[in-house]
């Protein structure tokens, strides 16, 4: 059997991405349907404005951090595809970081490589960067934060967390599990946190008992009394300071245009254009009447409820927690486009070594259900967008079915996952805990 190591996998993936970028240039020139993502054109126009000393927000629909426009300034004087190479390089970096995280957790090399292949050779993910979407940069930063937390580099993790929330607001959902995992039981002064090895992953019965401990009233009480530790405070101060520093700087440079387009818009966004979200039809029907900010914010309530349940259930296994949080966040979001799927695709390889789901069984069923529901939605989307058919109601029903498919897949993934906390309880903390139990 042919074995592929990480080095050759990365080289093959790099050649594939370079080919797709070159091919994309040809398709954009010779075919009616462009290969390049429309967002990349927005990025490029905003970068050209920055290069000319103007505000990137003079480009309509640019609703991102100015840092993205700054990064693509060389598009104007090196090559228009500069940004695609940056995004695709970040795509490759994601693969490298997936391997680093899994090896740190003691996953066998062969299984690490197969997990990395799920990202690098996934047609959806390798077209994202080559079409000019910036999401691989966000994915790479999130994986780097996970790696920093695992190595006990909390200052670095806090710095990058503040940066990534500034660039893309959605990683704010990871704040609570990060705070929960910065527990004195795992982090002791002068020592690195000890990791739980993959070979010692827990059985189903142990998983259930561990999950129950997370929601045990005594544990919740202990958490509340020990919430304000110096590590948690430091992480919050550093990440918060960087976020507000960047926000203040760009507000000074670009004023309310920046604040509205890059931040506030995403909190109250109401997009009448068709997308996978179950909310789109309601927004479409009431768009001319202008939904109130309260109505726009109410849609966050299902997300918040699901997020809290998942966080308090799986926080100590935080790569898995991040994954299920992201799937749920995207599924219940007011706006859902295909590019959002990459947010959880980058986390999927991190949980595969702990799943009991077989590709030929439930795994295949989940893949087929998810793809069939998406394909069904795309069929109605095609009839609406390209054939001009009035199929808004059918498209909304297809969105409901896609939500059901996402829920079905998420439940199966949770049921088949072997719960495995990242960190071992420190020996001194274990002794202290036993002492408190005896005193009771």
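Cβ atoms are placed via backbone N, Cα and C, with glycine included.
If you look at the transmembrane segment (6-24), the same-chain residues 6 or more away from its ends with a CB under 8 A from one of its CBs are 35-36, 81, 84-85, 88, 91-92, 95-96, 99, 112-113, 116-117, 120-121, 126-127, 129-131. Residues or ranges marked as transmembrane segment by TrEMBL: 6-24 (among others).
Look at TrEMBL and you will find 62-79 (among others) tagged as transmembrane segment. Residues 42-51, 56, 86, 134, 166-168, 246, 250, 253-254, 258, 261-262, 265-266 of the same chain lie 6+ residues outside the transmembrane segment (62-79) yet bring a C-beta within less than 8 angstroms of a C-beta in it.
With a cut-off of 8 Å between Cβ atoms, the residues of this chain six or more beyond the transmembrane segment (135-152) that come close are 86-88, 90-91, 93-94, 97-98, 100-101, 104-105, 125, 128-129, 160-161, 163-164, 167-168, 171, 174, 178, 181, 187, 192-193, 195, 318-319, 322, 339, 342-343, 346-347, 350, 422. What TrEMBL records for 135-152 (among others) is transmembrane segment.
If you look up TrEMBL, you'll see 159-182 (among others) marked as transmembrane segment.
Counting same-chain residues at least six beyond the ends of the transmembrane segment (233-256), those with a Cβ under 8 angstroms from any Cβ of the stretch are 55-57, 65-67, 154-155, 157-159, 161-163, 165-166, 178-179, 182, 262-263. Per TrEMBL, transmembrane segment is recorded for 233-256 (among others).
Packing against the transmembrane segment (310-332) from elsewhere in the chain are residues 101, 142, 146, 149, 170, 173-174, 176-178, 180-181, 210-211, 214-215, 302-303, 340-341, 343-344, 347-348, 350-351, 354, 403, 406-407, 409-410, 413-414, 417, 419-423: each is 6 or more residues past its ends and has a CB under 8 Å from a CB in it. Sequence annotations record features per position, and here TrEMBL assigns transmembrane segment to 310-332 (among others).
Positions annotated as transmembrane segment by TrEMBL: 338-357 (among others).
If you look up TrEMBL, you'll see 364-383 (among others) marked as transmembrane segment.
Residues or ranges marked as transmembrane segment by TrEMBL: 395-414 (among others).
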Outside the transmembrane segment (364-383), at least 6 residues beyond either end, the same-chain residues with a Cβ under 8 Å of its Cβ set are 274, 276, 357, 389, 391, 394-395, 398-399, 401-402, 404-406, 408-409, 412-413
Beyond a gap of at least 6 residues from its ends, the CB atoms lying under 8 Å from the transmembrane segment (395-414) belong to 274, 276-278, 280-281, 323-324, 327-328, 330-332, 351, 355, 357, 362, 365-366, 369-370, 372-374, 376-377, 379-381, 384
